[in-house]
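These notes concern the structure reproduced below.
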Amino acid sequence: MSRFGPFPDPSALLDHDEAAHAFATMLDGGARDEQIAAFLVALADRGETMVEIAAAAQAMRDRLIPIEAPAGAIDVCGTGGDGHHTLNVSTAVSIVVAACDVPVAKHGNRAASSKSGAADTLEALGLDMERADRQAQEQLADLGICFLFAGTRHPAMKRIMPIRKAIGRRTIFNLMGPLANPARVTRQLVGIARPAYVPVYAEALHRLGTDHSRVISGDEGLDELSLAGGNEVAVVTPDGVRMQRSSAADAGLPTRSLAEIRGGDAAFNARALRRLLEGETGAYRDAVLYNAAAALIVAGAVDTLTEGVEEAAEAIDKGLANALLNCWIAYK
C-alpha cells in the first residue's frame with residue numbers, strides 16, 4: 001500500500017468522484033493520521049484545483065450541524081492566515097452590515113495564526129460564545145445576526161484538527177471555512193490570503209452554487225479588501241465568474257497602510273472595535289467601510305461601493321451598529 005493509504009495519488013489531478021471519495025473517507029475516519037497528513041501535504045505542494053476545493057467543501061457541508069437562515073442572509077468571512085495580524089475587519093463588517101438590515105450568519109473560529117480570531121474578539125467584547133452558537137437560530141431571527149462557531153458546527157473536523165496542527169503549514173482546509181457555512185447562505189463576501197488563487201476559489205464557489213458572492217484578496221496577501229493598494233475581486237453569480245480590480249479610490253476612500261490597522265490580542269482588538277462602533281474615525285473605520293460596502297453590494301442592498309460606504313457610515317454614525325452589538329451581548 002502507498003503512503004497515501006486509501007487516497008488516490010495526489011500528484012495527479014483528482015476528478016470529482018476521486019476527490020469526493022477522498023474527503024469523505026478522511027472525515028469519516030477511514031484513514032490513519034499519517035496517511036491523511038501525507039495526502040494533504042502532497043495536495044498542497046501540487047496546488048489544489050477548483051474541483052478538489054469544491055469536493056472538500058461539499059464533504060464538510062454534508063457533515064455540519066446546520067441552521068436555517070432567512071432569504072438574503074449573507075456571510076462575511078476570511079480564510080485567515082494572511083500573516084498581517086490586522087484588526088478584526090470581517091467581524092466589524094458583519095455587525096455594521098447587520099445594522100443595515102441585512103441578516104448576517106457569521107461563521108468563524110478562534111485564532112489559528114493571529115493573536116485574535118473572530119470568536120476571541122467577540123468574547124472579549126462580552127459575547128457568550130457557547131450561548132451564541134447554541135442560540136444562533138433564534139439570534140439570527142430576532143437580531144439579524146448570529147455567530148456560528150466552527151469548532152462546534154463541524155464535529156467531523158475534530159479528528160482532522162490535530163493532524164493539521166502537526167503538519168504546521170497551510171493545507172486545503174485553510175480554504176474551507178467560508179465554503180462551509182452552517183447557515184448555507186448563498187450570498188458571501190469571502191476573503192482569501194492568496195491573490196493568485198482568487199479565480200480558482202471563485203470557480204469552486206460557483207460549482208457549489210451561489211446567488212451572488214465576491215471573492216477578494218489584497219495584493220499584499222490580505223484576506224479582505226485592502227486600502228493599501230490594489231485588490232483582486234471575483235464576482236460570482238449563477239452565470240459564472242467575472243474578474244475585476246478594486247482600490248480604495250473606487251469607494252471614495254483614502255489609501256491607508258496596513259500598519260495603521262495592525263491588531264493585537266483579543267482585548268486590544270475588542271477595544272478598537274468598540275471605539276469604531278462608537279464613531280472613532282481613522283484607518284480601521286475606512287477599512288470596515290470599504291469591506292462593508294462590498295458586502296452590501298453582495299446582499300443587493302446597494303449598487304455601488306460609494307453608496308455602500310454611505311450606508312455603512314450611517315449605521316455607525318447613528319449608533320445603530322453599536323446598539324446592535326449591545327443587544328447581541330445582552331441576548332438571553
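The backbone N, Cα and C atoms fix where each Cβ goes, and this holds for glycine too.
According to Swiss-Prot, the 5-phospho-alpha-D-ribose 1-diphosphate binding site annotation covers Gly78, 81-82, Thr86, 88-91, 106-114, Ala118, on the basis of sequence analysis. Among the features that Swiss-Prot reports, anthranilate 1 binding site is placed at Gly78, Asn109. The feature Mg(2+) 1 binding site is assigned by Swiss-Prot to Ser90, Glu224, with sequence analysis given as support. Swiss-Prot lists Arg164 with the feature anthranilate 2 binding site. Look at Swiss-Prot and you will find Asp223, Glu224 tagged as Mg(2+) 2 binding site.
Taking the features listed in Swiss-Prot, we show where each one sits on the structure.
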| residue | record | Cβ contacts under 8 Å, 6 or more apart |
| --- | --- | --- |
| Gly78 | 5-phospho-alpha-D-ribose 1-diphosphate binding site | Val89, Ser90, Pro178, Val190, Gly191, Ile192, Ala193, Asp223, Glu224 |
| Thr86 | 5-phospho-alpha-D-ribose 1-diphosphate binding site | Leu222, Glu224, Leu258, Ile261, Arg262, Gly263, Ala287 |
| His107 | 5-phospho-alpha-D-ribose 1-diphosphate binding site | Asp75, Cys77, Leu148, Ala150, Arg153, Gly177, Pro178, Ala180, Asn181, Pro182, Ala183 |
| Asn109 | anthranilate 1 binding site | Gly117, Ala118, Ala119, Phe149, Ala150, Gly151, Gly177 |
| Arg110 | 5-phospho-alpha-D-ribose 1-diphosphate binding site | Gly117, Ala119, Asp120, Gly151 |
| Arg164 | anthranilate 2 binding site | Leu40, Thr171, Phe173 |
Task: Starting from the Cβ of Glu224 (Mg(2+) 1 binding site), draw a 10 Å sphere and report how many other Cβ atoms land inside it.
output: 29
- line: Per DSSP (three-state), Glu224 (Mg(2+) 1 binding site) is coil
- prompt: Does DSSP put Thr86 (5-phospho-alpha-D-ribose 1-diphosphate binding site) in a helix, in a strand, or in coil?
  reply: strand
- request: Using all protein chains in view, find how many other C-beta atoms are within 10 Å of the C-beta of Asp223 (Mg(2+) 2 binding site).
  value: 25
Where the residue listed as 'anthranilate 2 binding site' sits in the secondary structure, as DSSP reduces it to three classes: helix
